[in-house]
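Q: Shown below is the structure under consideration.
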Amino acid sequence: MIFAGLAEKLQETFRRLKSKGRLTEADVDEAMKEVRRALLAADVNFQVVKSFVARVKERAVGQDVLSSLTPAQQVIKIVREELAGLMGGTQSKLNMAPKPPTVVMMVGLHGAGKTTTAAKLANLMRKQGRRPLLVACDVYRPAAIKQLQVLGEQLDIPVFSMGDRHTPVDIARAAVEHATRQGRDLVIIDTAGRLEINEEMMAELEELKAALRPHEILLVVDAMTGQVAVNIAETFNKRLGLDGVVLTKLDGDTRGGAALSIKAVTGCPIKFVGVGEKLDALEPFHPDRMADRILGMGDVLTLIEKAQASFDAEQVARLNKKIRSADFTLDDFLEQLQEVKKLGPIQQIISMLPGLGNMKKLKELGDIDDRELVYVEAIIRSMTPWERAHPHEINGSRRRRIARGSGTSVQKVNSVLKQFEQTRKMMRQLAEMGRGGKKGARLPRNLFPGKDNPLF
Amino acid sequence: MGFFNRLKESLSKTRQGLVEKIENLITGRQVIDESLYEELEEALIGADVGVETSLELMETLRRRVKEQKLRDPARLKPLLQELITDELGTGDSSLNRGGPPTVILVVGVNGVGKTTTIGKLAYYYKTRGERVLLGAADTFRAAAIDQLEIWGRRVGVDVIKHREGSDPAAVAYDALQAARARKMDMLIIDTAGRLHTKSNLMEELKKIRRVLGRELSGAPHEVLLVLDATTGQNAISQARLFSEATGVTGIVLTKLDGTARGGVIIGIRRMLNIPVKFIGIGEGVEDLQPFNPQEFAAALFD
């Protein structure tokens with residue numbers, strides 16, 4: 001990889017300056033070169049990068065380096081603050097009409113994910129007590145209407161369509177009337193994808209806007225978009241006056257610099273992000289987390305939040321104590337698996353851990369199948385309490401019984417026991433490391449058996 | 001209007017965004033200095049040439065300037081043009097053939113235009129007298145099969161399909177059997193869009209590949225990765241992971257039309273090390289054409 005993560009690069013740059021208590025302009029210049037490259041590699045628009053780097057430089061030069069922080073961390077802190085600031089505060093609310101129905105228009109390029117996002121948004125708003133109506137105004141792309149209808153059916157949300165023989169304006173007008181009659185208080189209009197330079201198609205959106213007076217126009221943008229993201233957003237904003245942006249396909253490995261660029265140049269808030277193929281995978285946007293992602297620092301906050309929400313604190317404390325005492329049984333192993341399962345799909349968890357994003361091992365890690373955990377669970381549950389406490393005593397005949405009991409094979413039982421043994425070994429090492437006072441990546445230690453565990 | 005002229009027209013914004021910008025930066029300058037290099041580098045990056053490629057182009061430029069002891073900034077433009085043309089390469093964009101039928105597997109992330117590309121590819125080969133069959137192995141996205149069928153009707157080729165949600169590898173298998181029975185020259189298989197980071201979905205692609213290879217040795221003869229020209233640096237990651245899973249043999253770059261996104265093609269060869277085989281420069285059925293680097297360079301600079 002070209003960009004191993006900004007944090008490490010900066011650490012490296014500053015190692016030479018360790019003795020200094022104050023950053024000189026030359027030091028900062030050196031660091032800013034790395035910042036610039038990291039941002040460009042994350043697809044942040046080059047003009048945005050330029051002014052951003054200048055601003056950070058100004059703040060960083062001459063600052064006293066706090067005794068508790070290394071210069072690298074100091075600069076990263078400034079970079080993070082400025083990045084998060086650029087992306088604005090959290091704002092994941094739609095403008096609601098004083099008199100329903102509220103009309104929301106989804107616009108964007110081809111393939112940005114408008115149709116899927118429209119359905120996801122309807123689903124999210126229904127959870128908040130709204131009664132949404134989806135409207136199929138993409139009369140151009142083959143089968144686009146059908147796609148929205150299928151999604152509506154899956155969600156059990158009504159879809160209004162008049163086929164592809166009417167103009168989008170006629171369809172949308174009729175849809176709003178329909179919504180009023182049916183007591184639907186939220187109308188979400190899916191429009192056709194278009195290039196921002198296609199005069200005719202942009203004029204159609206303006207017409208649609210004039211006819212409907214929508215309360216919210218959302219631009220749907222693929223998070224993988226490159227430098228052109230800014231031109232796209234600017235043009236749509238100029239023609240239509242955007243109220244917000246939805247960033248899609250963030251569940252991939254894109255850094256998502258497009259988000260930052262769009263916010264910085266147009267001022268439009270990013271309201272939601274799409275994080276998966278499932279219809280409930282639409283989330284509010286968090287600027288600080290996006291900043292970390294752009295810098296390659298992982299989404300630690302989301303993970304911690306998730307962990308806090310789903311972990312039984314007492315249980316975790318008990319487990320941690322056990323880990324440290326190296327008195328770790330198969331029962332604890334099972335308990336830990338269940339805690340981890342609560343966090344969500346393992347792949348998602350891994351993607352949130354800092355450092356792991358760049359690891360060579362990521363591929364193997366990514367191959368974990370959540371279904372595997374079900375087998376492991378069944379196997380451990382098929383053991384007697386005595387066996388769980390004495391894994392070494394499980395002989396061939398016991399293994400055969402366990403395999404039959406869990407509906408698996410002896411090989412599977414063997415591999416679970418092996419995995420457990422490795423985990424235990426690592427636990428012991430971790431416990432020793434903890435006693436030795438060596439500081440490593442602290443976060444995952446109490447959450448996971450560890451990244452070297454073949455299971456994880 | 002011929003394809004070359006349409007190519008020129010669709011690259012007009014790229015020309016403004018890159019070539020004319022370079023010209024503007026150079027004119028009026030007295031000396032070649034660091035700030036000029038930096039601005040040229042920004043022009044390249046801003047045109048989505050790619051960070052790595054831009055940095056390396058600039059390094060080569062610096063070296064050449066030193067070697068040739070150039071002083072006049074006006075000399076930079078022909079030099080850059082030469083470097084960029086080199087970067088585009090000469091390459092042969094014809095498809096690998098085999099079979100019959102030649103089996104083409106089309107893969108890519110969500111929303112890059114796979115289904116549309118297949119419709120246009122089918123049209124391209126059908127108008128050249130080949131017998132083409134389509135396989136609808138995107139059984140995941142709502143209405144994807146319908147979309148491919150509409151394309152099939154438009155172009156006048158048959159589509160082999162199963163129901164939504166069925167096993168894509170089974171569709172591929174049936175499509176291949178049908179293509180053989182009907183003595184087709186070419187089978188193009190659509191797959192569901194997937195983010196390259198989802199390993200279970202990449203396994204699904206490997207399975208399709210295995211099934212095809214078992215039934216017809218050498219198949220798929222061509223695995224085309226469809227890339228959206230608006231994609232930024234993530235294209236590198238997409239190419240790498242799709243290649244690992246399916247052995248990508250060529251790239252189709254879509255949505256090159258109109259805006260200043262032509263620059264992305266300059267960096268692709270270096271970054272991805274996979275030849276670009278087709279480019280899409282418009283929404284019309286004829287707007288997908290084999291990629292010819294020299295023609296592209298000519299359309300960009302002249």
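Using N, Cα and C of the backbone, Cβ positions are placed for all residues, glycine too.
Straight out of TrEMBL:
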type	residues	note
BINDING	B:108-115, B:190-194, B:254-257	GTP binding site
DOMAIN	B:275-288	domain 'SRP54-type proteins GTP-binding'
Q: Which of the listed binding-site residues (B:LYS114, B:ARG194) has the least company, meaning the fewest other Cβ atoms within 10 Å of its Cβ?
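A: Among the binding-site residues B:LYS114, B:ARG194, the lowest count of other Cβ atoms within 10 Å belongs to B:ARG194.
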Q: Just to be sure I understand the packing, how many Cβ atoms besides its own are within 10 Å of the Cβ of B:GLY108 (GTP binding site)?
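A: Summing over all protein chains shown, B:GLY108 (GTP binding site) has 26 other Cβ atoms within 10 Å.
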Q: Could you tally the C-beta atoms, other than its own, that fall within 10 angstroms of the C-beta of B:GLY111 (GTP binding site)?
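A: For B:GLY111 (GTP binding site), the 10 Å Cβ neighbour count is 24.
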Q: Based on DSSP, name the secondary structure state of B:THR191 (GTP binding site): helix, strand or coil.
A: strand
Q: Need one number: mean pLDDT over the domain 'SRP54-type proteins GTP-binding' (B:275-288).
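A: Taking every residue in the domain 'SRP54-type proteins GTP-binding' (B:275-288) and averaging pLDDT yields 86.
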Q: List the residues of the same chain that sit at least 6 positions away from B:THR191 (GTP binding site) in sequence and have their Cβ under 8 Å from its Cβ, in sequence order, or write 'none'.
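A: Spatial neighbours, sequence-distant, of B:THR191 (GTP binding site): B:LEU105, B:VAL106, B:VAL107, B:LYS114, B:ALA137, B:ASP138, B:PRO168, B:LEU205, B:ILE208.
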Q: Go through the binding-site residues B:GLY108, B:GLY111, B:LYS114, B:THR191, B:LEU256 one by one and keep only those whose Cβ is less than 8 Å from a Cβ of chain A; report them in sequence order, or 'none'.
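A: Cβ contacts with chain A under 8 Å: B:GLY111.
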Q: For B:LEU256 (GTP binding site), just count the other CB atoms lying within 10 A of its CB, please.
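A: Neighbour count, Cβ to Cβ under the 10 Å cut-off: 24.
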Q: Specify the secondary structure state of B:LYS114 (GTP binding site) as given by DSSP, simplified to three classes.
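A: For B:LYS114 (GTP binding site) - judged by DSSP and reduced to three states - the answer is helix.
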Q: Going by DSSP, give the three-state secondary structure for B:LEU256 (GTP binding site).
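A: Assignment for B:LEU256 (GTP binding site) reads coil.
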Q: Take the domain 'SRP54-type proteins GTP-binding' (B:275-288) and count its residues per DSSP category (helix H/G/I, strand E/B, coil), listing them in that order.
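A: DSSP composition of the domain 'SRP54-type proteins GTP-binding' (B:275-288): 0 helix, 6 strand, 8 coil.
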